[in-house]
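Report on one structure; see the data block that follows.
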Amino acid sequence: MLPLIDGKEVKRRWSGRLLAREGVAARVREIIAAVKREGQAAVERYTLELDGVDLKEAGFRVTREEIGAAYRAVSPDLLEALRIARDNIATYHRRQPRGSWMETAADGTILGQICRPLGRVGLYVPGGTAAYPSSVLMTAVPARVAGVREIALATPPRRDGTLPPLLLVAAAEAGVEEIYKMGGAQAVAALAYGTEKVAPVDKIAGPGNIYVTLAKKEVYGQVDIDMLAGPSEIVVIADGKARPDWVAADLLSQAEHDALAGAVLITPDAGLARAVGEEVTRQLEALPRREIASRSLADYGAAVVVTGLDAAMDLANSLAPEHLELYVSEPWSWLGRVENAGAIFLGPYSSEPLGDYLAGPSHVLPTGGTARFYSPLSVDTFLKKSSLIACNRAGFRAAAGYIQALARAEGLEGHARAIELREE
């Protein structure tokens, strides 16, 4: 069930899963254009067509009564787990630097940077084959820590027009009260351009399917976006001392997300590769989402046997995975070799689901090789920065000649004269 292939084949398969069909992109553009043109009517029409929900009957914005009912439906144990996760996420993100600064030079010139939170953001939380209250916390809590004033959350409704109670409770626990029953490209367009019932946002963050990702790409420039996140993925680097059943379980934890998810073991130990493959087959039998996981592993899963851990690190860096587990004897000694990864998990007890739910860092991470240049969602995702320049007369005179020389070298006489006038 876990194909034994080489690194080149893994890279070929992983790149192929991210190629969007033009038909999907065209459909996304069609939906966005309709929402821009028709507003709320288009959102409601596509929700009926694609999700099978009549928002006129189900209600578009979640009410206080719905949130109250959700609390009554959630067990005390689950509520406690949500609150522990929320607090861990908040604690982690409060440690992230976000301060403004100013410095005064010897000539009196003041330079600085002013950091401010975005005024209004839209968060997308996926639905479909599973509900993700954890994604609510992983996006909303960092936004709250950053100081965002208004947060609008969009998530697709279930067939009966409701949202999962645990998702609603997670939103309430994160301080989000503006929740809309909409998903897909129509939700992204509504957040970006606004409708009669949704005020436009400054930025859209959160993971979604190919329609959501392409829609975010289309509206970028009208609003900012966090990243273009694709299917989930994990790379486990393990040596011969790793437990095959633990490695297999971690691979399956990502494979069960989506048929397009990628799960790869890289090891210098051929015996471990075989044992993990056998464990994957055994554990699949008891997995409720085994059909999804089986398709994922058949198409985008792999065990790759390499010559040593150095070669394993090279392959992992070229894949730039969303999640990278270092399940080796001395993981800290290999940390410095990691160049590209969204999140890094060190040692046998740092199982990937720890990051998905409770540790503290956001689980919204770069995928599809974009960890080469994207960073995880964080407080910084929800901040904007302004440069500050305050020059006095002495500082101006010291700089004036250089500015005029550079401006005239670029053929921008107006720039030079703006400086020259102040010297007179």
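Cβ atoms here come from the backbone N, Cα and C positions, even for glycine.
Of the residues Asp107, Asp160, Asp314, Asp356, Swiss-Prot puts just one in the Zn(2+) site with Gln254, His257, His415: Asp356.
Site annotation for substrate in Swiss-Prot covers Gln254, His257, His323, Asp356, Glu410, His415, and the matching candidate from Ser232, Ser333, Ser375, Ser378 is Ser232. For the binding-site residues shown (Gln186, Ser232, Gln254), fewest C-beta neighbours within 10 angstroms: Ser232. According to its DSSP assignment, Gln254 (substrate binding site) is helical. Annotated pair Asp356 (substrate binding site) and Gln186 (NAD(+) binding site), C-alpha to C-alpha distance, rounded: 27 Å. Maximum intra-site Cα distance, NAD(+) binding residues Tyr124, Gln186, Asn209: 13 Å.
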